[in-house]
Amino acid sequence: MNYHWNWGIFWEMSPEGTGTYFDMLLAGLWWTLATSALAWIIAFSVGSVVGVLRTLRSGWVVMACNAYVELFRNIPILVQLFLWYFVLPEVLPAEMGRWLKTMPNAAFWTGSIGIGLFMSARVAEQVKAGLQALPRGQWMAGTALGLTTAQTYRYILLPTAFRIILPPLTSEMLNTVKNSSVALTIGLMELTAQTRAMQEFSFQVFEAFTAATILYLIVNAVVTLAMRWVEKMAAVPGYTTGH
Amino acid sequence: MAMIRLEGVSKWYTPQFQVLKDCTLSVAKGEVLVVCGPSGSGKSTLIKCINALEPFQAGSIVIDGAKLPDPKTNLPKLRSRIGMVFQHFELFPHLSITQNLCLAQEKVLRRGHEEAMAKAMMLLERVGLTAHAHKFPGQLSGGQQQRVAIARALAMDPIAMLFDEPTSALDPEMINEVLDVMVELAGEGMTMMVVTHEMGFARKVADRVVFMDGGEIIEDRPTEAFFGSPHSARAQTFLSKILAH
Ligand SMILES: Nc1ncnc2c1ncn2[C@@H]1O[C@H](COP(=O)(O)OP(=O)(O)O)[C@@H](O)[C@H]1O
Ligand SMILES: [Mg+2]
């Protein structure tokens with residue numbers, strides 16, 4: 001192989017004129033972090049609500065939420081992003097479609113929401129599983145004390161369920177970070193997209209992707225460590241959630 | 001006047017499976033009722049109906065003037081006035097003992113934290129667990145957890161207490177510490193309905209014993225009569241089995 005290694009490439013100016021190649025990757029990293037964070041906030045909040053609703057005793061609510069989960073879980077994330085980004089503005093009334101298309105940072109907003117909703121289906125699965133892992137007696141004990149259904153979930157069921165599902169939720173957070181790279185297909189210049197741009201300008205493909213790999217590993221190491229810390233903070237003396 | 005009155009209560013889990021058959025029963029204020037019967041006879045279902053934790057399809061229940069089923073009855077309020085103790089304690093594992101006792105006082109009865117805490121400490125002293133106030137349920141023995149569960153129910157100042165086999169998940173050496181608390185409670189005039197196979201307890205504190213089988217109330221008699229004179233063959237078989245050892 002006749003490859004010319006050049007680890008100094010990161011400190012050379014990129015032809016984009018916005019700084020060095022390293023600055024380019026950092027800009028990508030910033031969009032990756034922003035997209036992952038917003039997507040996770042959406043995934044966690046929507047997923048929690050849908051997960052809770054799926055455990056209620058109301059037939060049509062459960063059915064609607066099951067349909068939601070199946071829909072978002074079973075359509076490839078790439079297709080979902082294309083639907084939100086390319087198809088939705090066309091099927092909306094002209095005025096709204098135009099507004100969507102000309103919105104600043106459209107790729108970021110669409111990507112975050114699209115990835116967030118895709119991940120919310122998976123979070124909903126976890127939340128439902130966590131709630132169903134609790135003995136039915138816990139619901140009864142809360143209800144028998146006069147707590148409303150909302151209070152029973154808020155003060156009793158959810159705090160225990162979330163403790164049980166902290167490890168799988170950590171995986172879903174990591175998946176959210178990894179999935180954020182799919183947003184490059186709708187033009188978001190996140191880390192993977194910037195890495196490819198760097199490769200195309202400089203032809204230093206190995207250096208570029210090594211740097212990207214390391215940056216992704218660092219981000220996910222931070223997420224993992226942070227979640228370990230959360231698990232430690234949430235641990236209850238004498239209560240093992242068992243995994 | 002009856003504190004709890006069931007009139008022809010019937011319940012089906014499925015159209016084919018009737019779990020309660022025309023159950024009629026009343027518990028007067030201050031009365032202690034023991035409910036016994038073979039496993040699967042519907043005892044748990046019966047007391048869950050009284051606390052509106054399970055719906056039923058026929059008949060009615062009146063608790064201190066509040067009627068079931070009745071759309072006008074405020075269910076959370078009704079439930080908060082009836083204490084319930086479960087076979088598996090059902091303490092909230094992520095809350096400390098005092099938090100277990102304060103939660104519903106604050107969220108349902110809207111007591112201030114100080115007041116709730118004072119009540120909690122008073123009740124913990126009563127069940128002999130003051131030293132464990134700061135611990136979590138997982139750090140207590142089964143007997144201690146069940147005494148906390150009784151204190152948690154009492155913290156709501158209930159008008160009646162329902163117990164569903166409160167000692168049957170306990171190691172033998174812990175049964176008495178729980179029964180002692182219940183005997184004391186009965187002595188203070190608490191209205192109680194207790195599902196149990198502890199016949200020593202029944203003899204000592206029950207005013208009446210109800211025997212259920214196959215979803216039906218087969219016998220409902222004063223304690224002396226239940227244990228003394230002849231009764232239905234089914235109750236006799238049941239008693240001979242549980243009194244054999
Ligand atoms: N949620 C339920 N759905 C269907 N069947 C049930 C349910 N709960 C209890 N059963 C059935 O109802 C019968 C009575 O149960 P239960 O009231 O728990 O009896 P006991 O407390 O006397 O042992 C049993 O046959 C049991 O299997
Ligand atoms: Mg039972």
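Backbone N, Cα and C define each Cβ position, glycine as well.
Unlike curated records, TrEMBL annotations are generated automatically.
What TrEMBL says about this one:
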type     : residues  : note
TRANSMEM : A:29-53   : transmembrane segment
DOMAIN   : A:29-227  : domain 'ABC transmembrane type-1'
TRANSMEM : A:60-86   : transmembrane segment
TRANSMEM : A:106-124 : transmembrane segment
TRANSMEM : A:205-230 : transmembrane segment
Highest-contact recorded stretch vs the transmembrane segment (A:60-86), from A:29-53, A:106-124, A:205-230, CB pairs under 8 Å
A:106-124
Within-chain partners of the transmembrane segment (A:106-124) [C-beta distance under 8 Å, separation at least 6 from its ends]:
31, 34-35, 38-48, 50-51, 54, 65, 68-73, 77, 80-81, 84-85, 100, 169, 172, 175-176, 179-180, 182-183, 186-188, 190
Report, as numbers and ranges, every residue of the chain located at least six residues beyond the transmembrane segment (A:205-230) whose Cβ falls under 8 Å of a Cβ in that stretch; write 'none' if there are none.
3, 5-7, 9-10, 21-22, 25, 28-29, 32-33, 36, 166, 169-170, 173-174, 177-178, 191-192, 195-196, 198-199
